[in-house]
Amino acid sequence: MGQFPLTLSRFIIRSQAERPSATGECSSLLNQIGLVGKIIAHDLRRAGLINILGTTGETNVQGETVKKLDEIANDTFLRAFQGGGLVCALGSEEMEQMVLLPENCPQGTYMLLFDPLDGSSNTDCNMPLGSIFSVLKHTQTDRPPTESDLLKKGIEQVAAGYLLFGSSTMLVYTTGHGVHGFTLDPGIGEYVLSHERIQIPQRGKVYAANEGNRHKWPSGTQQYIEFLKTPDSAAGRPYSGRYSGCLVADVHRILLGGGVYLYPGEVDKPEGKLRLLYEANPLGMVVEQAGGRASTGTMRILDIEPKKIHQRVPLIIGSQGDVETAEAFIQGRA
Ligand code: AHG
Ligand code: MN
Ligand code: MN
């Protein structure tokens, strides 16, 4: 008889027992994220049959075309948390302003930032998708939160992680005590521990970048990618290119096997494409907790003082050694 499944709920209770200071609130929040993942996965697994592919015809605050699944995923997060008790504010890639809970709702102490559906260009071709979440604590409990309360550095996150809708559905998170991965067993409707205390290799042999943008990159970035492709068997080069169009899927591969993902700054767009509060910060916390590094190319992601809720940053993330080499090229020190 196989070992009894260690479910997300049991794992959280066990971890909580090890840290008396932890309140149950963050645990309930993580369980609710798990439920959101089950509901989104349920939609995605048959998306081509229930008329939820394609676009809504709208454009979001990012200036991007909104896919029906972006909206569905966003609504799922909102409905999961607007019932109250877990959070007091919600910030989403798909919503221009932060959403407060109605006054008459029990207010939680946490604020949740999320990218409800990451990798939206993959929705209609059945490629990997994800959701990314970042948990902050509202410390000024004498008043409701304002947008500026969301503008906390990544080092202030109390929890962070992602859902990966790949060949299986996974929930990967950290509360600052290591990174743990759970695989959804649809047969029992539970997330079961499958990757305890993930550690990212010091270096990998994979790089993920959209080389279609190569002509827009500064020379240091171009030189780094050329360096990765230059054969040197002693150094394990050339690296293999692996780019899925979904940040969560590419970072997950790198978290487990090592390597580096880059969405770098461009000559005419030095801030790059990815968003700090609900993409770079949460994935930065996860990767650092696994022993890796997350940088803009010139500074640590988690040290950035946010100025705006939808602020973009360049992102170089993955194995410590690989990100440090990328920084050396980008800073002209290589
Ligand atoms: P989102 O779908 O939430 O906008 O995120 C897409 C991001 C990231 O997931 C992916 O790695 C990158 O954008 C792809 O961008 P390009 O299509 O420009 O390569
Ligand atoms: Mn995204
Ligand atoms: Mn998105």
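Quick reminder: no glycine exception, Cβ is built from N, Cα and C everywhere.
As annotated by TrEMBL, domain 'Fructose-1-6-bisphosphatase class I N-terminal' applies to 7-196. Feature annotation from TrEMBL assigns Mg(2+) 1 binding site to E93, D115, L117. Annotated Mg(2+) 2 binding site per TrEMBL: D115, D118, E279, in sequence order. What TrEMBL lists as substrate binding site is D118, G119, S120, S121, N210, Y243, Y261, L262, Y263, K273. Per TrEMBL, the feature domain 'Fructose-1-6-bisphosphatase class 1 C-terminal' maps to 200-330.
Annotated features taken from TrEMBL, shown on the structure.
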residue : record                 : DSSP class
E93     : Mg(2+) 1 binding site  : coil
D115    : Mg(2+) 1 binding site  : strand
S120    : substrate binding site : helix
N210    : substrate binding site : coil
Y261    : substrate binding site : strand
E279    : Mg(2+) 2 binding site  : helix
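Looking only at other Cβ atoms within 10 Å, the busiest spot among the binding-site residues Y261, Y263 turns out to be Y261. Of all the binding-site residues given, namely E93, D115, the one with the smallest number of surrounding CB atoms inside 10 A is E93. Ranking the binding-site residues D115, S120, N210, Y263 by Cα distance from E279 (Mg(2+) 2 binding site) puts D115 first.
Under 6 Å, Cβ to nearest atom of ligand 2: this is the test, and of the binding-site residues S120, Y261, Y263 it is passed by none. S120 (substrate binding site) is 12 Å away from E93 (Mg(2+) 1 binding site) when you measure Cα to Cα. Within 10 Å of the C-beta of L117 (Mg(2+) 1 binding site) we count 30 further C-beta atoms, all protein chains included. With a cut-off of under 6 Å between the Cβ and any atom of ligand 3, the binding-site residues E93, L117, N210 reduce to E93, L117. Set side by side, the binding-site residues S120, N210 differ in how many other CB atoms lie within 10 angstroms of their CB, and the most is found at S120. Long-range Cβ contacts of D118 (Mg(2+) 2 binding site) within its own chain (separation 6+, distance under 8 Å): L129, G130, S131, I132, Y162, C246, L247, V248, E279. Other residues of the chain with a Cβ within 8 Å of the Cβ centroid of E93, D115, L117, the Mg(2+) 1 site, are D70, A73, N74, S92, E94, F114, P116, D118, S120, S131, I132, Y278, E279. Within 8 Å of the centroid of the Cβ atoms of D115, D118, E279, where the record puts Mg(2+) 2, the same chain has further Cβ atoms from E93, F114, G130, S131, I132, Y162, L247, V248, L274, R275, Y278. Just so you know, the Cβ of E279 (Mg(2+) 2 binding site) picks up 29 other Cβ atoms within 10 Å once every protein chain is counted. Cα to Cα, N210 (substrate binding site) and L117 (Mg(2+) 1 binding site) are separated by 19 Å. Cα separation, D115 (Mg(2+) 1 binding site) to Y263 (substrate binding site), rounded: 16 Å.
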